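Enquirer: This structure is in C-alpha cells; I'll ask about it shortly.
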Amino acid sequence: MALPRRRPRDPEGRMPLGEHLRELRQRIVKSGITLLIATAFGWFVYDPVIEDLLKPYKDYEAAHPDKVVTTAYSGLTSAFSQHLSIAIFLGVLISSPVWLYQIWAFIVPGLTKKEKRISLSFIAAAVPLFLAGCAMARVSLPYVVKVLLDFSLNDVSNIQQLSDYMSFVVRFILAFGFAFLLPVFIIALNLIGVLPFERLAKGWRISVFAILVFSAIMMPTPDPFTMFLLAGPLIVLFFAALGFTKVLDKRRSRSRPEWLETDDEAASAI
C-alpha cells in the first residue's frame, strides 16, 4: 500500500489553517514537556534559591534591629505551595531557550534564506537578553526591598507572608526578563510586516516615554539612578532594534520588484 505523499512546503511559508493549528499544537507540546522537566529540576534546587531570594529581606532585617520585619507562612499548605511555585518559576527560566525558540519559529514562518540567517542570530541573543533582564532584577531587588520596607513604622510589626513576598519577587524578575526581550519582539513584528522602520522611527519619543514610565513603575524608588538601571538598557536595546529594522527594510526594498512601487493610477493607465 502506497503511503500518502506529503504536501510540499510552500516556498513563501504559506500553509492552510489546519497545518498552522497542528504546528501550534506541536510547539506548545514541546514547550510544555521541556517546562515540566525543568520544573522537576527546580523542585530539587529550591533551598539555595529561596535563601538567595530572601537575602535582601534578611539583610534589611539585620540592618534595622529597631524594626520588626519578618516573614512567615500563612497556613498548613503554604510551604508546599511556595515550593511548587518557585519550582515552576525556575522551570520557566531554565526552559526559556526552548519556548523562546518555539514562539519565534511559529510567528516567523515565511522568511528568505538571508532573513532566516539574520533572525536565527537574533534568536541566539533572545536567551541571554532574557537572562540578563532577570539578573538585572536580582541586582536591583535589594534597593526596591529597602525602599518599600522603609515605609514601615518602628512601633508597628511588618510580618510579611512568605507567599506574598515571593510572588512579588517572581513577578519583578520575570517583568525585567520579558522587558529585555523588547528588541526581539520589535524585530519579529518588522519581519512579518506589522511594524516597518518608518512607523517605529516616527514614534520613538512615545516609545522612550513608555519605557521611562514602565521603569518608574517597576522601580518604585525616589532615587532616579535605580530607575535608570532598567530604563537605560531598555532604551539602548530599543534603538538597537530600530537600527536593525532599518537594515531589514532596506534589504527588502532592494529585492522588491519595481512594478510593486507603481501607484494605482499609473498601473491602471498601463
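Placement of Cβ uses the backbone N, Cα and C atoms for every residue, glycine included.
Summarising the annotation, TrEMBL assigns transmembrane segment to 28-46, 84-108, 120-145, 165-192, 204-221, 227-248.
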Enquirer: Do any residues, 6 or more residues outside the transmembrane segment (120-145), come within under 8 Å Cβ-to-Cβ of it, and if so which ones?
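Expert: Same-chain contacts beyond the ends: 53, 55-57, 59-60, 93, 96-97, 100-101, 104, 169, 172-181, 183-184, 187, 219-221, 223, 226, 229-230, 233, 237, 244.
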Enquirer: Using Cβ atoms and a strict cutoff of less than 8 Å, what residues sit near the transmembrane segment (165-192) while being 6 or more residues removed from its termini?
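Expert: Distal contacts: 50, 53-54, 57, 71, 82, 85-86, 89, 92-93, 96, 100, 104, 107-108, 111, 115, 119, 122-123, 125-126, 129-134, 136-138, 140-141, 144, 200, 214, 218, 230, 233-234, 237-238, 240-242, 244-245, 248-249.
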